[in-house]
Every structure is written in C-alpha cells, then in structure tokens.
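Please read the structure below before turning to the comments.
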Amino acid sequence: MTRPQILVGMALVACIPHSVEAMPASFITHATGLHKPHNLHRHFGGQCRSDAVCKPIRSPSSLKLQSSGAAGGDAQRNIRQEPLSSSRFQSLMQRGIQISLGAALIFAFERSIFLLGRYLGQRIPSAPVGMLLVFLILLSIHAFNPDASHRLTQWFEPSLLFYNKGVPLFFSPPLVQLPLSLGAIPFLSSAKLLLVILSGTVVSMILTGLATNFLVSNSPHEERPKVVLDPDDKETLIQPLEKVAPKTSPVLKAAMVMTVVSAIIQSDFLFLISFSIAALQFGKTFSPEIRTFLPAIITCSALTSSMVCALGWLRLDGNWVAALQAYKTSSGGILGGTGVGDVTFALAAPAIVALGFRLYEQRYLLKRNIIPMLGGSAITAVLSVAFTALASKLIRLPSELGLSLVTRFVTLPMAVPIVESVGANLGIAALAVCLQGILGATFGTKLLDLVGVRDTIARGVAMGGTSHALGTASVASSEPKISPPSAVTFLLSGSFMVAFMQVTFIRNFVVALFA
C-alpha cells in the first residue's frame with residue numbers, strides 16, 4: 001500500500017461530518033455536546049426555540065430579490081438562485097477547510113505525545129494525557145481571557161463533530177479482528193466470560209450508584225446561578241439515540257458509490273475504507289430500540305469483518321485468517337501500521353483528545369460536584385478490577401481472559417495502553433467494552449430505580465462509570481439531566497484507570513491477582 005492510498009483513504013474518512021442527517025447511534029464513541037439551538041441554527045439550519053434569540057441571516061441581495069416580488073418568471077428565479085448557490089458553495093469550502101485543519105491539529109497534538117513517549121522510552125497513554133492537557137490549556141486561557149477560550153472552542157466545534165460522528169468507525173478495527181480471538185477460546189470459557197461481564201455490570205452499577213449517592217448527600221456542592229444563553233451550559237454531552245440517519249443520507253450514497261468505484265479499479269484499501277463508512281451509516285439507520293442493543297459500532301464491525309473474510313476467500317485462496325491479520329498489522333510507524341484498520345484506528349485516540357473541549361465546557365458541573373464525581377470515578381475503577389479478579393478466580397477463568405475484562409468500563413482508546421501493558425487480548429477487551437455498554441444502556445436505569453438511587457449526579461456517575469459512552473447516549477433523551485455527569489464520569493474513570501496502571505507496583509499487583 002502506497003502513501004497516496006493512505007492519504008486518499010483518510011480523505012474518505014473525513015467526508016463523514018458533511019452529512020448533517022447522519023447523527024451517531026452511540027458515542028464513544030462517543031461523548032460530544034450539542035450547541036444551544038441558536039448555534040445549531042447558525043451552523044446546520046436547526047430550529048431555534050425563540051426567534052428573538054436567533055433569526056436566519058439573509059444577504060442583502062436575497063432581501064432585494066424577495067422585495068421585488070415574483071415578477072420576471074424563470075429568469076427572475078435564476079437570478080435569485082445564482083448568488084445563493086455561489087455563497088453556499090463558498091461556505092461549504094470554508095467549512096471543509098476548517099474541519100480538516102482543526103482535525104489535523106488535534107491529530108498532530110495526540111501523535112506528538114505518542115512520539116514523545118517513544119523517544120523517551122516510556123509508555124505514555126496519549127489519549128487521556130492529551131485530553132487532560134487540552135482541558136488544562138483551556139482552563140489556563142479562560143483564567144486570563146474567557147472570551148478567547150470560548151472563541152477557540154467554537155472554532156474547533158466542526159472538527160469535534162467530525163471526530164464524534166466517526167467514533168464507531170475509528171473504534172471498530174479491534175472488533176473487526178475479533179474472529180481471530182474467539183476461534184481460540186473454548187465454549188466453556190466464553191460462557192464464563194459472559195457471566196463475568198453480566199454480573200460485573202450489575203454489581204458495578206448498583207454499588208457505584210449507592211456509593212455516589214452517599215457522597216452526594218454528605219458533601220456540600222456549590223450552586224452556580226443559571227445564565228441565559230450561556231454557551232458553556234450544555235444540556236447534554238451525548239447526542240441521543242432517537243436521531244436516525246435517513247437511508248438516503250449523502251454520506252451513505254457517496255460511500256456506496258466509492259465502494260463500487262474502488263471495486264472496479266481493484267483497490268482493496270479504498271474499497272474497505274468506503275465499505276466501512278457505508279456500513280457505519282447503514283447501522284445508524286436502525287430505530288433507537290434496535291440500536292440500544294445493536295449500536296452502530298457492532299453493525300459496522302460485523303459487516304466489515306465479513307467483507308474482509310470474503311476478500312480473503314476470493315483473493316487469498318480461502319485464507320480469511322491472513323486477510324483479517326492484514327487488516328490491522330500494528331507494525332509501527334506514525335499510524336501504528338499500514339493496514340486499513342491501522343489508518344482508521346489511528347483516529348480513535350485523537351477522538352478522545354477532542355473530548356478535552358467537552359470536559360472544559362462542563363467545568364462548572366465538575367466544580368460543583370467534585371467530591372462525588374471524582375469519588376464515584378475512583379470507586380468504579382477499583383471495583384472493576386477487584387470484582388473481575390474475584391469472579392475470575394471463583395469460576396477459574398483463564399488469566400488472559402480475566403485481564404482482558406479489567407478495562408471493560410473504559411472507553412476503547414483509553415483501554416488500549418492498559419491492555420498492552422498487562423498482555424491481555426485487545427479483541428476480547430473491545431468486545432467486553434461493547435457488551436458492558438449495551439448491558440448498562442439496557443438495564444442501568446432500571447437497576448438504579450430498583451435500589452432507590454434517585455439523585456441526578458449519582459445516577460449519572462453510575463451510568464457513565466459503568467457503561468461509558470453507550471450508556472450515556474441511551475439516557476441523553478430519556479434523562480437528559482444525568483447525561484452531562486455521566487459523560488464527565490466515564491472520562492474521569494478511564495483516566496483514573498490509565499493513571500493507576502502506569503504505576504509499576506499497581507500494574508504488577510493487578511497482573512498477580514489473575515495469575
């Protein structure tokens with residue numbers, strides 16, 4: 001595979017945010033915030049709650065044409081449409097450049113941290129470190145010039161949406177290669193693995209909710225008066241599942257066309273990139289009820305894995321194993337490898353770095369509830385390790401599988417350095433992350449209702465700490481008030497886990513628990 005092919009492939013991936021209709025089925029992917037309605041109107045043509053807040057901006061030429069009436073027939077209509085089409089094209093070009101530049105800056109920032117760790121001979125988790133650095137940089141700017149930090153966040157907003165919408169695609173490569181891992185696991189061990197995930201989700205959700213509820217009731221929190229039109233007061237950090245991408249989505253149609261074209265020119269690399277984007281958009285067309293237990297990342301991964309295996313049968317004389325191995329090589333380099341999966345997975349860590357902007361937008365929420373949110377995040381991290389070790393010992397789960405389940409409550413890019421440091425299986429870890437997210441999204445609020453956890457902060461901490469982005473997305477519309485603390489918590493709990501596992505003593509102790 002040549003360098004131009006890699007660049008073309010990444011350019012195809014960059015087309016994701018240009019479809020306004022294609023909203024994500026889940027996050028991880030996804031944790032992003034929505035603008036206030038006036039900002040949605042300004043950027044995407046969304047509807048405002050009040051005309052006094054935001055009205056459509058019309059150019060002088062369009063106002064003049066409208067005031068002149070409908071006289072003039074087709075010629076008049078052509079004159080009216082021409083400046084609008086030109087203006088829209090120019091706006092799209094400017095927006096495309098802004099998205100590309102912002103996304104490239106975030107990617108370069110994350111890769112710089114990664115390369116610095118390699119130069120120093122240290123294993124630096126670039127995703128959480130980059131996210132926290134972005135958060136601290138924005139706080140520092142805000143301390144001296146609040147308007148400057150706000151303008152900077154607004155400028156990066158389109159690039160943040162790009163990373164948000166591509167999260168299922170960026171996180172999918174380990175799941176695409178999952179058949180390589182599952183084939184070597186006996187059926188009994190698979191059943192034990194599912195048992196640990198199911199029981200761990202229930203225990204973590206209940207105990208984290210009860211512990212955080214106790215912390216909330218016994219810690220004072222600072223109230224901040226509500227400010228009308230305050231851009232930092234996000235109602236939700238995760239876009240809800242109710243938004244269904246239409247089956248006629250421009251991205252879906254464009255990806256299908258590119259899939260056909262790349263098949264004709266026999267470029268497997270571009271074919272798999274285009275097919276993966278089409279599979280992602282197809283997964284977003286399902287109803288919210290279906291996507292609760294079948295999120296877009298599962299649909300995208302399953303379809304892409306099937307296509308890779310099919311190509312192996314056709315091109316490599318039935319050797320689908322070699323095709324899956326070539327999909328993500330992890331051979332090193334700036335992107336981590338030269339396979340299609342290496343290219344897409346290289347964007348997963350920058351997607352986490354981009355969440356530093358969202359964490360900054362929720363700084364007042366974190367300040368008001370610092371004790372319960374930090375305490376709940378730490379409890380989730382410790383509880384996950386302790387329960388997984390105990391359950392694995394009781395049912396005699398192989399140590400490699402047990403270690404692969406330790407990070408099931410951590411979003412995938414944060415889990416990667418932990419999995420690598422303890423010698424666990426990345427494919428199994430990715431599967432555990434998705435399964436726990438699905439279980440938490442499906443049964444989380446019911447479990448919290450059952451044990452009487454009613455406090456908004458406690459419910460958000462339990463959902464985010466246990467089922468990360470998938471759980472947060474599931475409650476973004478049903479219980480929007482718990483979505484922000486849920487999103488902040490899964491970022492904090494993942495950061496805690498990564499920080500703990502960087503300490504040699506703690507890492508060796510955790511490995512010894514499963515030996």
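The backbone N, Cα and C atoms fix where each Cβ goes, glycine too.
Here is what TrEMBL records for this protein:
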type: SIGNAL; residues: 1-22; note: signal peptide
type: TRANSMEM; residues: 97-117; note: transmembrane segment
type: TRANSMEM; residues: 129-146; note: transmembrane segment
type: TRANSMEM; residues: 166-188; note: transmembrane segment
type: TRANSMEM; residues: 195-216; note: transmembrane segment
type: TRANSMEM; residues: 254-280; note: transmembrane segment
type: TRANSMEM; residues: 292-314; note: transmembrane segment
type: TRANSMEM; residues: 334-357; note: transmembrane segment
type: TRANSMEM; residues: 369-395; note: transmembrane segment
type: TRANSMEM; residues: 426-444; note: transmembrane segment
type: TRANSMEM; residues: 490-514; note: transmembrane segment
Among 97-117, 129-146, 292-314, 369-395, the stretch with the most Cβ pairs under 8 Å to the transmembrane segment (334-357) is 129-146
For the transmembrane segment (426-444), which recorded stretch in the set 129-146, 166-188, 490-514 gives the largest number of Cβ pairs separated by under 8 Å? 166-188
The transmembrane segment (129-146): which same-chain residues, six or more beyond its ends, come within Cβ distance under 8 Å? 109-110, 113, 152-153, 349-350, 352-357, 359-360, 363, 491, 495
Give me the stretch from 97-117, 369-395, 490-514 with the greatest number of Cβ pairs under 8 Å to the transmembrane segment (195-216). 369-395
